[in-house]
């Protein structure tokens, strides 16, 4: 992409997100979301491939529908209560419609159907932005709505997301689709605990972004897009493959890695709220996700390619050196959980 075009696209992405994060008015928040949507489309279509064009079209239509629903529901709220401010009381009908619209933007089940297809049609770099940066603005709005939305709706969306995210990823061989279903499952945990403890949703979201960014950067460094290519990574970069295996296990939520922290805290909070059965079901649904993470782990580190490559190791190259900090954070934050909870 032309450097001038790239700078315009990246600055528009930043502007859209910052505008939504800093706005207290629904119209301004809506404008920020629209700038975000329009800024990412040139990045998706920079390689003129039919799959990329299809992904961009699906993304645009879904996001446009969600934005229209946000505008409609905020107008209903202004008509009913005379308020455009985000942080004031919201009419119950508007709150339900707004939470559904934001769930569409994030890719929460059952509004997730666009996410795997869009990620599969995009490059790893664009997929990284879609999975992390593009979720900041909708999540900020959802956090501000946390006390107005219906608890039963959030619990239903959360449980459905964890189950569909786990079930959908089981049969996938494409890494980007696996990460898309992983995103759906993690969003389910965030949505389920949103009304009970917004701080835990924010913590889970931060850790999800950290771990997902680490894995996307790893796959970009290894230049792998499916499980077959992943099986050659051990012979090329054994150190990076070993750390990537641990990052995948962290994303699955296994102790004693970082990914276990949010699941443990959320389950603990739900049990405190006398929601033991719900906590048990959502924890059992995580086993579905664990299966495809273990599949990726098996392909990456326990399978050797038939022909070993004798190329020099690439662990010491600059791009992989940049991975060191996020990789360590993705693995070793569990012991400092009390400190993190004190800050949050």
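Glycine too: its Cβ is placed from the backbone N, Cα and C atoms.
According to TrEMBL, the feature transmembrane segment maps to 12-38 (among others). Residues 59-60, 63-64, 67, 70-71, 74, 77-78, 84-87, 105, 129, 133-134, 136-138, 140-141 of the same chain sit 6 or more residues outside the transmembrane segment (12-38) yet have a Cβ under 8 Å from a Cβ within it.
Sequence annotations record features per position, and here TrEMBL assigns domain 'NADH:quinone oxidoreductase/Mrp antiporter transmembrane' to 23-288.
For 59-81 (among others), the entry in TrEMBL reads transmembrane segment.
Annotation source TrEMBL lists transmembrane segment at 93-115 (among others).
If you look up TrEMBL, you'll see 149-169 (among others) marked as transmembrane segment. Residues of the same chain lying 6 or more positions beyond the ends of the transmembrane segment (149-169) and with a Cβ under 8 Å from any Cβ of it are 92, 95-96, 98-99, 103, 108-110, 112, 116, 177-178, 181-196, 278, 281-282, 285-292.
Proximity of distant same-chain residues to the transmembrane segment (201-222), defined by a Cβ-Cβ separation under 8 Å and at least 6 residues beyond the stretch ends, is recorded for 124-125, 127-128, 131-132, 135, 139, 143, 146, 175, 179, 182-183, 186, 189-191, 193-194, 229-230, 233, 236-237, 240-241, 243-244, 247-248, 250-251, 258-259, 261-262, 265-266, 314, 319-320, 322-323, 326-327, 329-330, 333, 340-341, 344. Taken from TrEMBL, the feature transmembrane segment covers 201-222 (among others).
Marked as transmembrane segment by TrEMBL: 242-266 (among others).
Positions annotated as transmembrane segment by TrEMBL: 278-298 (among others). Remote same-chain residues near the transmembrane segment (278-298) are listed as 155, 158-159, 162-163, 165-167, 169-170, 172, 175, 178, 181-182, 185, 188-189, 192, 227, 230, 245, 248-249, 251-254, 263, 266-267, 270-271 (criterion: CB distance under 8 Å, separation of at least six residues from the stretch ends).
For the domain 'NADH dehydrogenase subunit 2 C-terminal' (290-341), the mean pLDDT of the prediction comes to 75. Per TrEMBL, the feature domain 'NADH dehydrogenase subunit 2 C-terminal' maps to 290-341.
Under the heading transmembrane segment, TrEMBL lists 318-343 (among others).
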Review point. Under an 8 Å Cβ to Cβ limit, what residues of the same chain, 6 or more beyond the ends of the transmembrane segment (318-343), are close to it?
Key: 203, 207, 210-211, 213-214, 217-218, 220-221, 237, 240, 243, 246-247, 250-251, 255-261, 265
